Amino acid sequence: MAEAMDLGKDPNGPTHSSTLFVREDGSAMSFYVRPSSAKRRLSTLILHGGGTVCRVQEPGAVLLAQPGEALAEASGDFISTQYILDCVDRNEKLDLEAYRLGLTEQASDPKPGASTEGSTEPEPQPLTGRIAYTDAEDVAILTYVKENARSPSSVTGNALWKAMEKSSLTQHSWQSLKDRYLKHLRGQEHKYLLGNAPVSPSSQKLKRKAEQDPEAADSGEPQNKRAPDLPEEECVKGEIKENGEADNKLFEEAAPEFGEAVVDESPDFEIHITMCDGDPPTPEEDSETQPDEEEEEPKVSTQEVGTAIKVIRQLMEKFNLDLSTVTQALLKNSGELEATSSFLESGRRPDGYPIWCRQDDLDLQKDDDDTKNALVKKFGAQNVARRIEFRKK
């Protein structure tokens, strides 16, 4: 776990800030993304940068659309999705108006300083020549491989890359995507803060399934799309505790089912789903407390672990997001599943308070009454107390 923490804090990693889409007043920028093949990737980048994603158009939200969408350009209310990619690539918040889609703009390249004359149709991709890869595209490729490659042979075959090309993840051909990954990206996941090599399913269940169905293992379909049928939304709410908090022990037991560990940007603690680890005990403390913990801590049943897995999968399926994004949302909402569901759906917590960010957690550690009072004013006394308990678990 210490190794994962070091990777998450790699100063040389070309990743964007966790407050990239946070305003100066501390509030998160809200985005609405029109349905498209790139919506999932954009949502992941936005949430990682501290922003929120709305399921419907809301007042004050930045409306995003792909260049070339006639309705979006005709309205003049939409910003090009290239805005998100450029902000991530430069790791800075750029001018929104320079990316506004409209009849007078060149939709294919809405960057600052671009010519506004000519057709509104997107510029066709050139048939010859090379298009340079951006850091955002490299992250997108690694993320796609991590989520969709089911075996080491998947990345050397062609099906995965053809599926990636059809998803319009980038403007590159599947041959170029495959070449980029095999020659430049494979084994470099740690530099992009994506953890270890993606193609290593830890679940024996997934391994057996891949052996039984080799074609499915190379199909390029997202893993979360192959999950068993899930109950309706009403059942999801039934799985949530009355106080809205996740059972951390359940999620710790459930984590291996997904084969992923998620490292948060917040200081001093790491999570597996919503499991937080505090400071490691000294050998003396460990030897003294371990027997008591084994006696007092109730064993989690298989049924309870299954319920936790089901709830997380339902959030992933419901909002079409990956495990990392759902986990980050849970962390920013102190492990409250009901609040997390509301946050992913509307970009807001049901109690109206903001989500927690790295700076808030740093302030929470300060022994300063003024700082603590400011946090209580910002989040409410109950949420501050809940956050403190959440970090201790």
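Positions of Cβ are set from backbone N, Cα and C atoms, glycine also.
Annotated domain 'BRCT' per Swiss-Prot: 78-101, in sequence order. With helix defined as DSSP H, G or I and strand as E or B, the domain 'BRCT' (78-101) counts 13 helix, 3 strand, 8 coil.
Swiss-Prot lists 104-132 (among others) with the feature region 'Disordered'.
Marked as SUMO2 cross-link by Swiss-Prot on the basis of similarity to another entry: LYS111 (among others).
Per Swiss-Prot, domain 'Myb-like' is recorded for 125-185.
Sequence annotations record features per position, and here Swiss-Prot assigns SUMO2 cross-link to LYS191 (among others) based on similarity to another entry. LYS191 (SUMO2 cross-link) falls within a helix when secondary structure is assigned with DSSP. Cβ contacts within 10 Å of LYS191 (SUMO2 cross-link), excluding its own Cβ and spanning all protein chains shown: 17.
What Swiss-Prot lists as region 'Disordered' is 193-304 (among others).
The SUMO2 cross-link annotation in Swiss-Prot covers LYS205 (among others).
The annotation SUMO2 cross-link is assigned in Swiss-Prot to LYS209 (among others).
Sequence annotations record features per position, and here Swiss-Prot assigns compositional bias 'Basic and acidic residues' to 223-252.
Sequence annotations record features per position, and here Swiss-Prot assigns SUMO2 cross-link to LYS237 (among others).
If you look up Swiss-Prot, you'll see 282-297 marked as compositional bias 'Acidic residues'.
Residues or ranges marked as SUMO2 cross-link by Swiss-Prot on the basis of similarity to another entry: LYS366 (among others). Residues within less than 8 Å, Cβ to Cβ, of LYS366 (SUMO2 cross-link) and separated from it by at least 6 positions along the same chain comprise LYS372.
The helix, strand and coil residue counts that DSSP assigns across the motif 'Nuclear localization signal' (377-393) are 15 helix, 0 strand, 2 coil. Taken from Swiss-Prot, the feature motif 'Nuclear localization signal' covers 377-393.
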